[in-house]
Amino acid sequence: MTPTVVEVLDVTKSYPGSAGVRALDGVSVGFAAGTFCAVMGPSGSGKSTLLHCAAGLDRPDSGRVLLAGQEISGLREPKLTTVRRRRVGFVFQSYNLMDSLSVWHNVLLPQRLAGVRPDRSWAREVMRRVGLTGRENDRPGQLSGGQRQRVALARALAGRPEVIFADEPTGALDLSTGREVLALLREAVDGFGTAVIMVTHDPAAAAWADRVVFLADGRIVAELADPTVEKVAAQMTAVSAR
Amino acid sequence: MMRLALGSLRRHRGAYLGTFLAAFLAVALLAGAGLLLFSVLTAKPPADRFAATAVVLSGDREVTLQTVRKKKDKVKTKTKSERLTGAGTLPVDLAGRIAAVPGVADAVADYAFPVAFPVRGEDGAPVVGHGWASAALTPYTLEQGRPPAAGEVVVDADLAARGGLSTGDQVPITTRTGVRTLRVSGVAAPAGRDGLPAQGAVFLADREVPAVSGLAGPTAIGVLAAPGADRAALAAAVRAVAGDATLLTGADKVRGDLPGALPDYIGPISIFGFTIGITAFAAVFVLTGTVALGVRQRLRELALLRTAGATPGQLRRLLGLESVVLAAVAAVPAMPLGVVVARVVAARFRALGAVPAQFTVGVNVLVLGGAAAAGVLVTFVAARIAGRRAVRIAPTQALVETATAPRGGLLVRVLAALVTAGGAVAVLSFVPLGGPLGMGMSFVSSALLLCAVAALGPVLVRALTAVVGRLTRVAGVTGWLAGTVARVESRRVAAVAVPLVLMFAVNATMLLNSSLLGRLTADEHAARNAPATGQVTGPAGLPLDAVGDLAALPGVTGAAATLPTRAIVAQGGKPEDHPSQGLFLAGREAAIDLGVREGRIGGDDTFAASSYLVRQYGWRVGDEVPIWLADGYQVTLRLAAVYERSRGFGDMALPARLVAAHDPRGLVAAVALRYDGDVASRIRERWPALRVTPTAEAVRAGDAQNQQGAWELMVVISLGFTAIAVVNTFAIATAARRREYADLRLAGATAGQVHRMVTGEAAITVAVGLLLGAAVAGIVVGAFSTAQDGVFRLIVDPVTYAGMLAGVAALGMVAGALPIRLVLRRRALPAVADGR
C-alpha cells in the first residue's frame, strides 16, 4: 500500500448565493503518492471545487484536508501559501504564466518566491524533458498553447512537488498537443514519482490515469481503476444519466 | 452600433470609471475656468455716474497709435491702443461751447480725481472727488445740509455712515496737491441708495476744484438734454463742436469716468486667461492619457470583436461612439460642478483682492456647453488616436493570452517629441523670460516639454526602468520581479508615470519660479533701500511738496521719494504700459541705490530705465524717448541712466514733478531718508501722521502680494487636479492587472509578496516620474532663473523642492500600493479560471 499524499476527509463546501446547493457534500477521498488520478463528473458536479479544496486554494466549510500528512484545512494565509509552494505544483487550462517574464524565469519563479536557491540543473533537465530547450528566453506570449502548457508543467515540476494539481490541462489544446501534455503528466508520475490529480471532462484524457473518481452533485459516485476510454465513457454516461 | 457601444459601456462599468472621472473633472475645470474668463470679459461697471446725461465727452482714456504700411498697392492701417491709468483732460472752455448747442439743457464740466479720505467706500471702494456741479450728472441730491462753499465738502450718504460724519464735522482730504481739512456742509445720495457701488463720492466747491485736484481741465463733460430733444441729433450736434474729444453715449458713457473709479478687470483677465490655459492643458493631457490607457486595456476585447467579424472601421466607430457617450454623460454633472468651481475661485480671488469686490460669476449656457463639447471632443479624438493602431489588431490576438497592439509608430513618437521639445527650446531661448511674459512662457515651455515626454514616454521609461529596475533587485525576489515587470511593461509604466511627471513639472515650475521671483524682488528691494536709514510713509501718501521739508531737516544727508505710476512707451507702433516711478532725489548722499549700470540719474527732462526695458526697446543713453504719462500727456525725455534693480520698483524712473502733475493720485508712496541722529523722533514730533520705519523692517509692496495669492490658488487647483489624475491612472492600471496578481499567487507568492512587488513597481514608477518631472522642471526653472539674473538654479528653494518631491512621491506610493489591497483582499485566493 503506497502512502496517501492528499487525504480529503468528509469535506463540505457550499458557495454563497446558491443557497442550499452544496458543491461538495461530505466528500472523502485519498490520493496515493506517485499515482495519476483523474477526477470526472458532469458540469457542476463539484470536481473543480474538490481540486481547489484539496490543493489548499479554497477552504472547505467543514471536514479536513491533509497534504503530505499535514493538515491544511485549518491553515491561514500566508502559511498556506508556503505549504502549497513547497509541496504542490499547478497546471491549469489557462496556463497562468507571467507574461512579462521569460520562460526560464517563469519556471524558476515559485522557487525564488519560496526564497530557496533554484535548482537550475534540475530545471534545465525538466525543460529538456518537456521539449523546451532553446526557448528559455522566449516570453509566453510568443509560444503556442501547447508550448505554454509545457512551460506550466515545467514550472510545476521544477520545484519537485509531491503532487501536481491539473485543472482541465488539455481543455484549450488540440487533440495531438493535448496528448503530448498528457504523456508528459504520465511521465511525471512514472519518471519522477510525482502524484498527479487531474480534473477533466474528457474520457480520452482520463484514460491516461491510474484511477478515475466520478463525482455527481458533490458526492463521489463511482471509481474506476486501470481505466480505458471505453470504460470511462460508459461510466460517465451512467453518472450523467442519474 | 449604438446598442453595441452602450452595451459595452454597461458591461465594463468599472473599466470606464477612470475615463468617466477624468472627463468629468476635465469638463468641470474647463467650465469653471471658462465661466471665470467669460465673467471678467463681460463684466459691466456696476453703476453709471453719468446716468442723468444724454452724452458724455471725455478726455483721452487710452493711447492710440496708428501705423500705415504700404504693401504693393494696398495700404494697411493698424490701430493699437493701450488703456491709461489716469484720465486725460478737456479744454476748460469746451463745456461753455457745448452748452450753447441746441437741445442741450446743460453741459457740466466734470472733474474727477482720487481722494484719500478717512474711510473707503463699500468693499474698500476708492473715494473720488468732484465739483458740486457733477452731482447733477447722476444725480446726487442733498439729504441734509447745503451745497459746499469754499473750504467745505459734501459727502455721499454711504461715506457719511461709514465715517460717522454729519454736517459741521471737520474732515481731512488728501489729494496730490496736499492735505486739506474741510467742513462737511451736507450729505448727498443718488436716488434710492446711499452711494454708488464701487466708488465713494465727495463734492467740493466748483471754484476750488481745479486747485485741489491739480487738473488742467475737466476730465469729462456731461451733457444733459433739454426735455424732448432728439438724442441722435443732439449727439451729432455735440460731436460737431467737440473737436477731438471722445463722444460716448448709452452704456459707453461710464468710460468717461475716472479709470481708477471703475473696477479694473485687466489684471483678472490675464490671471483667468492663464488659469484657463493651464487647466485646458492639464485637462486635455490627463484625459488623453486616461483614454489611451483605457483603450489599451481592452485590446483583448477588441480582438474578440475582430474575431466576431468586426472590421477595423467598425471598431473605430465603436470606440468613438463609446467615448462620446461616456464624455457626454460625464459632462452632465460636470457642468454644475464647474459653476461651483468658478464661484469658489471667484470668492477666494475676491478675498485676496485679485479681482474687484464687485466681481460676480455669471452662468452662461454657451460657455458651459462649450466646455462640455470640448470635453467630448477631446475624449473622442483621444479615443480615435489611441484606437488608430489598436483597431488593426489581428483577430488571432483574441486567442492568445495577452493581446498586444501592433507596435510601431516610433517614428511618429520621435517626430512629435522633437517638434515639441524644439518648440520648448525655441521659447526658452528666444522669449525674454526676464520680462512680464516670463512666467507664462516658462509654463508654455514646460507644457511643450511635457508633451515631448508623453510622446517619448515608453522609450524614456524603458531606458530609465533598466537602471532603476536594477536597483530594486537588492530588495530580493519581489524587487527583482518588480524591476523585471516594469522593464517589460514600459508602456504601462509610462502611462502611469506621465501624470506624475505632469504633476511634478507643472507645479514645481510654478512654485519655484514664483518663489524665485519673490526672492529676487525682495533682494532687489533690500539692495535698493540699503543706503537709506529709514522709510517715511504717510497714511495715504505724501504730497511731493512735503518731501522738500523732510529733506531739509538737519541731519538728513539724502532723500529719495518715489511716486508709483504707470507710463506708456511705443514699440513698432504698439503702445505698451509699464509700471514706473516718479523719482525725486535730494541731498548730497544717495538714499536709494537702483544699481545704475550706465549714466547718471537726474537732470532736467531726463529719465532712467531698467536694463530690461533698454534691451527690449534697443535704447541707448542719450536717446530721446517719447513717453505717455498716466493721463495721456506726452513728453519726450532723454535717457540719462540705465539701472538694474527694477523688480518691485518699475521699469522707468521719471521726474517726480511730471508724475505728480499727470498721475491722478500723484502722491509720494515712500521717502527713503539717509540721516544721522534723532531725525526719526523729530519727524514724528512735527508730523504725527507720518511713520518712520527703519529700512531693515520695511515691508514689501502689497500689489505683488495679490498676484502671489492668485498664483498660489492656481497651484492649489493644479495640484488637486493632477493629484486626482495620478490616483485615477494608478487605479485604472491596477484594476486591469487583477489576473496577473492572481497568477502570481498561484505561482506561490504570498499576499505579502504581491504587495511588496506592487509597492516595488510603484516605487519604480514614482522614481521614473520624478526623474522625468525633475528634468522638465530643471530645464524650465534653470532657463527662467538664468534669464532673471544670470544665475543658473535648479532647486531655487530646497524646502519647496523637497516638499514637492516628498508630496508627489507619497501620493504616487499611496496611489500605487493602495488599490492592490482592495483588489487582493486578505484571504481571497486567486480566481483561477474566471479571473479575466
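Cβ coordinates are placed from backbone N, Cα and C, and glycine is handled just like the others.
Keep in mind that TrEMBL annotations are predicted by a computer and have not been checked by a curator.
The following features are taken from TrEMBL:
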{"type": "TRANSMEM", "residues": "B:271-295", "note": "transmembrane segment"}
{"type": "DOMAIN", "residues": "B:274-392", "note": "domain 'ABC3 transporter permease C-terminal'"}
{"type": "TRANSMEM", "residues": "B:324-345", "note": "transmembrane segment"}
{"type": "TRANSMEM", "residues": "B:365-387", "note": "transmembrane segment"}
{"type": "TRANSMEM", "residues": "B:408-431", "note": "transmembrane segment"}
{"type": "TRANSMEM", "residues": "B:443-464", "note": "transmembrane segment"}
{"type": "TRANSMEM", "residues": "B:493-512", "note": "transmembrane segment"}
{"type": "TRANSMEM", "residues": "B:713-736", "note": "transmembrane segment"}
{"type": "DOMAIN", "residues": "B:714-825", "note": "domain 'ABC3 transporter permease C-terminal'"}
{"type": "TRANSMEM", "residues": "B:762-787", "note": "transmembrane segment"}
{"type": "TRANSMEM", "residues": "B:799-820", "note": "transmembrane segment"}
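With a threshold of 8 Å between CB atoms, the same-chain residues lying at least 6 positions outside the transmembrane segment (B:762-787) that come near it are 424, 428-429, 432-434, 438, 442, 445-446, 449-450, 453, 460-461, 464-465, 468-469, 472, 482-483, 486, 493, 496-505, 508-509, 512-513, 516, 730, 793-794, 796, 805, 808-809, 812-813, 815-817. Distant neighbours of the transmembrane segment (B:365-387): 19, 23, 26-27, 30-31, 34-35, 38, 280, 283-284, 287-288, 291-292, 294-296, 315-316, 319-320, 322-324, 326-328, 330-331, 334-335, 338-339; these residues of the same chain sit at least 6 beyond its ends, with a Cβ under 8 Å from one of its Cβ atoms. Residue counts for the domain 'ABC3 transporter permease C-terminal' (B:274-392) under DSSP, split into helix (H, G, I), strand (E, B) and coil, are 99 helix, 0 strand, 20 coil.
Cβ atoms under 8 Å from those of the transmembrane segment (B:799-820) belong to residues 496, 500, 503-504, 507-508, 511-512, 515, 723, 726-727, 730-731, 734-735, 741, 754-755, 758-759, 761-763, 765-766, 769-770, 773-774 of the same chain, restricted to positions at least 6 beyond its ends. With a threshold of 8 Å between CB atoms, the same-chain residues lying at least 6 positions outside the transmembrane segment (B:493-512) that come near it are 278, 282, 285-286, 289, 292-293, 296, 442-443, 446-447, 449-450, 453-454, 457-458, 460-461, 465, 486, 711, 714-715, 718-719, 722-723, 725-726, 728-730, 733, 761, 764-766, 768-770, 772-774, 776-777, 780-781, 784, 795-797, 800-801, 804-805, 808, 811-812, 816.
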